[in-house]
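Features as listed in Swiss-Prot:
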TRANSMEM  3-23  transmembrane segment
TRANSMEM  36-56  transmembrane segment
TRANSMEM  66-86  transmembrane segment
TRANSMEM  108-128  transmembrane segment
TRANSMEM  129-149  transmembrane segment
TRANSMEM  181-201  transmembrane segment
TRANSMEM  209-229  transmembrane segment
TRANSMEM  238-258  transmembrane segment
TRANSMEM  267-287  transmembrane segment
TRANSMEM  299-319  transmembrane segment
Amino acid sequence: MSILDILILLAPIFFVIVLGWFAGHFGSYDAKSAKGVSTLVTKYALPAHFIAGILTTSRSEFLSQVPLMISLIIGIVGFYIIILLVCRFIFKYDLTNSSVFSLNSAQPTFAFMGIPVLGSLFGANEVAIPIAVTGIVVNAILDPLAIIIATVGESSKKNEESGDSFWKMTGKSILHGLCEPLAAAPLISMILVLVFNFTLPELGVKMLDQLGSTTSGVALFAVGVTVGIRKIKLSMPAIGIALLKVAVQPALMFLIALAIGLPADQTTKAILLVAFPGSAVAAMIATRFEKQEEETATAFVVSAILSLISLPIIIALTA
């Protein structure tokens, strides 16, 4: 695929993002209304797309995706753990700051850019399962783990943590992650396919597609709005998070894919899924803990801008 072909492929995607940026930057949306757009994508449109995609996939086809699932777990959760250890023991961050920094370096905005970018390359139906698996990894494993570690760091500083409260907090974090539509919808759908070999009737697919088909455009617009309403204040931690997200993590995923022996198309999917900009959700978790709020918000914007350069390069090298 030539550079011109790639730019033509990505042009509609970046056009909608830029349109969203104008809407956010010039006041058509504020933080509250932008959250409403994001909620439409993450709690309704994308879960509907996942259900329709997974429940029209055969059990054998689903099982063929297992190596890709393993790669995504290692490439996302494993990367988080590596950065966490580096921050904690080399840069001497406290545990909470280490967890926040690592989460923002590891969590991609797959929910907003996965369908438009990967769908343009492989077709929307072909990428439903990889994106759904990423949703489970992020919402049911990564976010709860990061929240638990950050909370332990806060509690240990205050010397208030007890065994009971730790396990209660752990259970609540995992349960919250599993209850998120981005995790619950694909997880339940996968169980229906793997255990019961269930296939959704055509009428059900059409009903879900009425909402799921809106995912691409609305999701990209939401990314642009989110970037547009944020202010940028460059710092070394912000630049570091952005570079880890769009350059280092995709490179690590390439090595993981080679080690596991993924075929070329799955390698491209795995690399692109982690190469997307940092996640606004991860930046919100930083705000929750009142740690590196400015840095993570800036990193989100910077990584989104850098992805305009990195994504075409990655597609040219792998697709």
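Any Cβ shown, glycine's included, is placed from N, Cα and C.
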Examine the transmembrane segment (66-86) against the transmembrane segment (181-201) and state whether at least 3 Cβ pairs sit under 8 A, considering only residue pairs 6 or more apart.
no
Given a Cβ distance threshold of under 8 angstroms, which distant residues of the chain, six or more beyond its ends, lie next to the transmembrane segment (129-149)?
46, 50, 53-54, 57, 62, 65, 68-69, 72-73, 76-77, 80, 84, 95-96, 98-100, 102-103, 106-108, 110-111, 114-115, 118, 169-170, 173-174, 176-178, 180, 182-183, 185-187, 189-190, 266, 269-270, 273, 279, 281-282, 285
Is the transmembrane segment (181-201) packed against any residues at least 6 beyond its ends, judged by a Cβ distance under 8 Å, and which are they?
42-44, 46-48, 50-52, 54-59, 62-63, 111, 132-133, 135-136, 138-140, 208
